[in-house]
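What follows is a single structure, written as structure tokens, with notes after it.
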Amino acid sequence: MKPAIVIHWFRQDLRLADNPALTAAVQQGAVIPIYILDDDNAGAHAMGAASRWWLHHSLQALNDALAGKLQVFRGEPLTVLQQLITEHKVKAVYWNRCYEPWRMQRDASIKATLSEQNISVKSYNGSLLWEPWQINKKDGTPYKVFTPFYRKGCLNAELPRSPLPMPESLPLAKISNDTDLASLGLLPTLNWADPFSEHWHIGEQGAHDRFQQFLDEGLSNYKKGRDEPALNCVSGMSPHLHFGEVSPNQLWYAVRSMGESVNIEHFCSELAWREFSYQLLYHNPNLPTENLQKKFDHFPWQQNAGHLAAWQRGQTGIPMVDAGMRELWQTGYMHNRVRMIVGSFLVKNLRLSWHEGERWFWDTLLDADLANNSASWQWIAGCGADAAPYFRVFNPVTQGEKFDAQGEYIRRFIPELGKLPNKYLFAPWQAPAEILKQAGVVLGETYPQPIVDLKLSREAALEAFSTLKAISQP
Ligand SMILES: Cc1cc2nc3c(=O)[nH]c(=O)nc-3n(C[C@H](O)[C@H](O)[C@H](O)COP(=O)(O)OP(=O)(O)OC[C@H]3O[C@@H](n4cnc5c(N)ncnc54)[C@H](O)[C@@H]3O)c2cc1C
């Protein structure tokens, strides 16, 4: 008898090891491995330009690992699946679950339609340690604050699933298909993404190599070092995790296998922040578009295209902010501490809506992730579930002095300030004329004057915030 033909639909799980749906699919028969680019259902949440660049290279790496048998398509997934099912007499479709509201809605509808046609659809959890509906308070409602979510919820829940090995054999069905990777058009027409390649080794192997480097060099100083952007103490796993080149389970068990320490514990708690974002998105499908705290609907945001452009280009005249925005532009990534600094500057000192920041990050971050990005921006803006209070305004000068004390990070991304002594590097506008001259800095020419006064803009933000105090939360 001929073996059954089944489909494994790769989505945010672009790997072979610890892939529960793929492992189950290969046990059923010959597998057609597919990826479908679905911009129509994604609508406003279609992938940004940087993510598309990553996706292209990740699909290429996956195709190599599958001996060139990955089939790519674009368009309506139900139509693609139904065509394949008819042409190849497919018996079952396997996938790992995605949790973006648009994907959940789409997948539920595909599952219902295919099930009616007697096609078996099997879905698995391949991208979260716990399902987003699994960790709840004793009364069954979801946690709104991270610390109890992690300490009382995650740490007392069933242990995450242990990682699965790579399937021993991969019986793949070869089919013909007119669409190839290049025709998905994921790469930009201008070559702005070329420099990203220096910083990333995309694909499953690249993810594991980078994580091993983190285990060897970063983990032992993670808790403290993760706040210092010049150091190499963070894992750099976020884009790999987003595209599922590695699973959180693999990371969780790899660090746990190294024993117990504050660094290991802290790394696991950061993985849990990702889980928290996903559970927030699951319970609040409007997280990307609506303030969780409704009183923020009345916040008097400013509109200022000039300020927004200066922020986007790393030309605000505030070195710590500009270094972060330039890191993002040059590498497709920004260190977490600096994401908080640039975010606070945008929503508080510039008083531009958090949606402006969220949109820019969505387009430019290689790890742009609907749950993490929206939850983090709501946190920064003060309107989220477990948000930084609005009155806590990060001061980018003192943040720089504290977390980039030697100015290494600023000098890496703002070479024109390279010769300024540390004393003035974080606030060049305070430097005496002679010092600026010696460092070859002409404010307003070689480097911008600050676009806002930090003290006055902070006061204006607090004043604007005070208008919300009178509004009672529904
Ligand atoms: C304004 C803003 C926007 C952000 N947007 C995104 C985004 O689009 N995609 C994204 O993955 N992260 C986002 N983050 C969270 C965080 O900055 C990144 O996950 C982290 O910097 C990734 O670097 P890393 O992998 O080296 O982190 P590590 O410190 O090595 O952490 C390991 C993993 O834990 C998770 N993690 C760590 N910190 C956080 C956090 N604060 N929230 C949620 N998960 C976390 C990530 O999956 C990360 O890869 C955002 C943070 C801010 C402040």
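Cβ atoms here come from the backbone N, Cα and C positions, even for glycine.
Predicted automatically and left uncurated, TrEMBL annotations should be read as such.
Record note: TrEMBL gives TYR222, ASP367, ALA368, ASP369 as FAD-binding, and the candidate from PHE267, PHE276, PHE426 in that site is PHE267. The 6 Å Cβ screen around ligand 1 retains nothing from the recorded positions TYR222, TRP301, TRP354. Mean pLDDT, taken over the domain 'Photolyase/cryptochrome alpha/beta' (4-129), works out to 97 on the 0 to 100 scale.
Secondary structure of the domain 'Photolyase/cryptochrome alpha/beta' (4-129) per DSSP, as helix, strand and coil residue counts: 59 helix, 32 strand, 35 coil.
For TRP354 (site 'Electron transfer via tryptophanyl radical'), applying a Cβ distance below 8 Å and a minimum sequence separation of six or more within one chain yields GLY343, LEU346, VAL347, TRP377, GLN378, ILE380, ALA381, CYS383. In sequence order, SER238, PRO239, LEU241, HIS242, TYR333 are the residues of the chain that are 6 or more apart from ASP367 (FAD binding site) and have a CB within less than 8 Å of its CB.
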